[in-house]
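Q: Mind having a look at this structure? Questions to follow.
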Ligand SMILES: Cc1cc2nc3c(=O)[nH]c(=O)nc-3n(C[C@H](O)[C@H](O)[C@H](O)COP(=O)(O)OP(=O)(O)OC[C@H]3O[C@@H](n4cnc5c(N)ncnc54)[C@H](O)[C@@H]3O)c2cc1C
Ligand SMILES: Cc1cc2nc3c(=O)[nH]c(=O)nc-3n(C[C@H](O)[C@H](O)[C@H](O)COP(=O)(O)OP(=O)(O)OC[C@H]3O[C@@H](n4cnc5c(N)ncnc54)[C@H](O)[C@@H]3O)c2cc1C
Ligand code: SF4
Ligand code: SF4
């Protein structure tokens, strides 16, 4: 069983994000990049499968700021192999369709049974990776996966369908899954382990040369939403305030 | 007339055969004793050698002079001779132990002198000159008896006191119930038997010794010079009074002598194989103990992230484990144990000792806990961290150092606990909240997970700018720490401190977004790699700044900057802000205040016990005109708030009572209105605890600088 | 008339989700602007409760197992419909079904896709879409000028009422049997949500209480409100510490982190440890008698009424 985990870097949302000069992308020179949290869940699920059975885990990511950190951390946590794909501008925004094609061209000469990736990333304007990658490779896929069960060559997945409803289905292998949550919280790789991985393990680099032309949304402008101030104070009698609160709840479809 | 020679015959009532039997026995006993001692020493010596290992350490250039109490050989001898570590917190027990200690040393000396005279001098002179010489006569004999009878009395009184405590006292420290209860159950009956064997054995040896002395004098018809042997004489008279005549006394003496000798010899053989080993191990451990190992944690072992097996234990740690007398003092003061956490430092030491000694083939008799299944200390193939000592136990420690402070035999629990935690961190076996705090620190440099650019947000609202120490020289670099920078409640206090310093013309600056968590608690959690990364980042930031000294708000940061950073190249003095406030008052820069408040003060562990700063905050409080009422546990005995060692990042719902609540209850028994703290984490912990106890109207938690500002700044800035 | 807009009805079980009506409401406007028809596709059986009156055409895909969900099956079925009706715009939600479909089908039809959309309008021969990116920190305004176009809308972004308008669309049945047989997956079961244990982290509405409640007896009052609102009760740590509610109800640093749509806080001061657990709630409504309580700094709506006055009124309105 060979599991490939597709991971990626994303601007750290804790930081203040600023928009670049022409207003169509974030200013990438001044943000910190961290790994996408859902990809971490995908990695965790892959490693849990590896712990249970004799799977091997390959982590693949496009060259993006601080991606080495993420790949070494994955190796420190127990991934067998880490691959960095180059051949694009590492400092630019890679749209999801292009990302999928680059990963697909890496997978074209890999034997694999399962691809796991995060259900989404916060800049997925062009859609989420799992479905696009599945379609590009013409293999089945499922998103918002909260459970993966591999027995022999059969794959059962549980997907969260909203309102707590869970759909269980079977997919033929190979398949691509967009993971929402692993069975357990992502494990911790101590800094010492990561540093050890840096000294003892290598990140493979593979160049992918590809001209990508897909129809896509043209971003006109990127801008922060209008700020809402502090609390709007509701005043009046208890009855008035209660009515107002219930109206707010109603507008959200909650009561 | 025959001159009376004041002496007594050695082996008076015994036959030649008996004499031979005695010597053979004594020889066997000595062999057993020395084999035992040597085996233990060999095992210790095979322990893992940490870098710079030395049995008796000399001064270390990294020591901060005013804190260091690194023992020297003479100071250790004084500590041992005075029993001061035993007496310091428990006077009665300590004094009893002192009596026993010196009493037995006296008796040991007496036996040695006798042996010197009879076995060495006697035999040597007979062989060389044909005559048997002896100095065991005349005035020497009289003085010998008078003095050593006194030693016997001391030993007897001490032993009776200690034995009756063992038998009758219900003190919690003598209760061997474990703090962490294994599912399988456990029994410590053997350990209890061991205690009784030890103390009863001592008592029997003493009592039989005194009785045979009395019987001998009775049997010799009370020679008048034997009145010098005052205790034996009295006992003999007692026998006579009971109607035991000389002949009967001689008969009883003959077999009671064997009982005494048999017990004494057996006890000597027993020493290196049992609890009695502490008689030798404890003083040795006191001679090598070193508090600076707690302030400045040791490195992990070279080939592992942390301790996994007994092979990782150093010689000193092995000796330390064997030194534990199960006095239970650490068990009682431990805030984790008090709060109901599954950690008792005593149990930790006993578990490790049981395992280590068994694995090394030198188990102590009557010292093992038994369990129906091989778990905990019986799990000989288990990993020390997580299996032998379970994770919850290790994670419960606040690293408050109370155990190390109180341990009469100088065991250093905290470095051991951290070494074990390092293994847990390596395995990723930790609380999810702790994991996210560490991840935040690794990515953002603070435990709050906020952007480092927000670190100086607290400065907003000040009516003067705070100097950027990276662009302008300052006298003091202020290292705030995460809580004082990011916690909403504490930002006010940071602003107050800034205002006070500014008003008094102190030249100070900060590092703005470049300050990182100092790493004190990261290191104590066991995440050594992250600690090193933080040190690197902070040292880089220091290198960009221009300053003469550092002061910190947080006592935790203070500890690591002051004691651990020098090894990474920090060469500037580090102060705590309470010291700076004290300086302002005592250099006359600021006039004393007249607040007339009744307050109590909580010593933060990392300021007080760790770094011995007790006076500065107290001096400030008094100079501000406050009436300081001490809590029963203060100074070195201060009780932890429960936040240290990374506990503030972990879930504390397992506790029956949070240490902070326990502490506030203690303060609530005093007639005071203010609970003064000098640590941001304390402020967070205790302002929560007063609410939990429900006395937030009666007892107000204030930071020392709030009092300072109120007393010394003309316009009351803060309403305290 | 050609089909301009196809809305994917994402009902797997139970009622059709609100988002389908959000899409229908906006779909109508887009179809009108593009001078075409509005169609909606549902899978298998009709949702009896929903008439989809606003649509012109209702496609029903027959032959799918209605007792389970399978991404490849849905992809095959909806793909077959798109193939057949060639809409200009396909509207889905950024929910599980929408995520499964949008990326895969857009790739298959080599069509542009906009995700996380909170607003979409037609301007001339272009679509203008506003998407919420970076966790809502930034909005992206973009245009699409190639068709067919896929638009994936964040649930809750558009008004829902309009989509529920009455009417009677033409109903057409489509048999996707061939495609379904080829698909490389099948659904096996649907698991209903487990309602036994409390899970405050997944609730859309939380009724949360703090020490302001005063006693365990008073808690009854708020429990009634929670029941009327069908929302779980959560609490600050002191309430848990007192044993008034069990530990799984605790919100905060040492409890759970929650992100409900609305967080109702009664008698909670807003200590940093508590805020850590709930500040990313979409809307926070706080009731606290102390106007300077820090909770008001993070709340969106606040009132300084006494909770003992307010709560019964709320229960009245919601329950009665
Ligand atoms: C099909 C599907 C179903 C989903 N269902 C759910 C669901 O049921 N429930 C759910 O929660 N999510 C669900 N998600 C995930 C959802 O899309 C969002 O990604 C998620 O809710 C994150 O939203 P967030 O912005 O609140 O949190 P985050 O993306 O984690 O962002 C946190 C926010 O809080 C702010 N913030 C962080 N720290 C602080 C601070 N200290 N002070 C002030 N502000 C701070 C940040 O600026 C940011 O806006 C689902 C996703 C999919 C694809
Ligand atoms: C390490 C640590 C971890 C912690 N973890 C958590 C955690 O996970 N979760 C958590 O919640 N706390 C946590 N705390 C505790 C936290 O610091 C606060 O003590 C706690 O959140 C306060 O709870 P509260 O707001 O309910 O109570 P209070 O602060 O006492 O607030 C009660 C509020 O109710 C208002 N009020 C009173 N009567 C009424 C009325 N009739 N109507 C309306 N309002 C009224 C009052 O004005 C007041 O503001 C932690 C603390 C520490 C130190
Ligand atoms: S350091 Fe404190 S908490 Fe830890 S074991 Fe010792 S006394 Fe207990
Ligand atoms: S470790 Fe020290 S304080 Fe604790 S029981 Fe042993 S001897 Fe006593």
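Any Cβ shown, glycine's included, is placed from N, Cα and C.
Automatic prediction, not curation, is the source of TrEMBL annotations.
Feature table excerpt (TrEMBL):
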- B:315-346: domain '4Fe-4S ferredoxin-type' (DOMAIN)
- B:386-417: domain '4Fe-4S ferredoxin-type' (DOMAIN)
- B:20-42: transmembrane segment (TRANSMEM)
- B:98-116: transmembrane segment (TRANSMEM)
- B:141-163: transmembrane segment (TRANSMEM)
- B:197-216: transmembrane segment (TRANSMEM)
- B:228-248: transmembrane segment (TRANSMEM)
- B:255-273: transmembrane segment (TRANSMEM)
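For each listed feature, how buried is it and what is near it?
A: Taking Cβ pairs closer than 8 Å, the domain '4Fe-4S ferredoxin-type' (B:315-346) reaches residues 40, 43-47, 49, 53, 55, 86, 89-90, 171-176, 178-181, 191, 195, 275, 277-278, 281-282, 284-285, 288-289, 352-353, 356-357, 364, 390, 392-394, 396-398, 400, 402-403, 406-413, 416, 637, 639-640, 642, 654-659, 662 in its own chain, all 6 or more past its ends.
Within its own chain, the domain '4Fe-4S ferredoxin-type' (B:386-417) has Cβ neighbours under 8 Å at 85-86, 88-89, 179-180, 278, 281-282, 285-286, 288-291, 293-294, 297-298, 307, 317, 320-321, 323-325, 327, 329-330, 333-336, 341-343, 345, 347-349, 351-352, 355, 375-377, 379, 423-424, 427, 429-431, 434, 521, 524, 605, 609-610, 636-637, 639-640, 642-645, 647, 650, 654, 659, counting only residues six or more beyond its boundaries.
Listed by sequence, the residues of this chain that lie at least six past the ends of the transmembrane segment (B:20-42) yet keep a Cβ under 8 A from its Cβ atoms are 11, 14, 261-262, 265-266, 268-269, 271-273, 277, 280-281, 322, 361-362.
Proximity of distant same-chain residues to the transmembrane segment (B:98-116), defined by a Cβ-Cβ separation under 8 Å and at least 6 residues beyond the stretch ends, is recorded for 10, 82-83, 86-87, 136, 144, 147-148, 150-159, 161-162, 202, 206, 209.
Residues 8, 12, 100, 104, 107, 149, 152, 155-156, 159-160, 162-163, 166, 229, 231-239, 244, 249-250, 252-253, 256-257, 259-260, 263-264, 266-267, 270, 274-276, 366 of the same chain lie 6+ residues outside the transmembrane segment (B:197-216) yet bring a C-beta within less than 8 angstroms of a C-beta in it.
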Q: Using a Cβ-Cβ cut-off of under 8 Å, list the residues of the same chain that are 6+ residues beyond the ends of the transmembrane segment (B:141-163) and lie near it.
A: 6-8, 92-93, 96-107, 109-110, 113, 199-200, 202-203, 206-207, 209-210, 213, 225-226, 228-232
Q: On the 0 to 100 pLDDT scale, where does the domain '4Fe-4S ferredoxin-type' (B:315-346) sit on average?
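A: Mean pLDDT across the domain '4Fe-4S ferredoxin-type' (B:315-346) comes out at 96.
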Q: Using DSSP, how many residues in the domain '4Fe-4S ferredoxin-type' (B:315-346) fall into helix, strand and coil?
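A: Tallied per class, the domain '4Fe-4S ferredoxin-type' (B:315-346) gives 20 helix, 0 strand, 12 coil.
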Q: Using DSSP, what is the helix/strand/coil residue split across the domain '4Fe-4S ferredoxin-type' (B:386-417)?
A: 15 helix, 1 strand, 16 coil
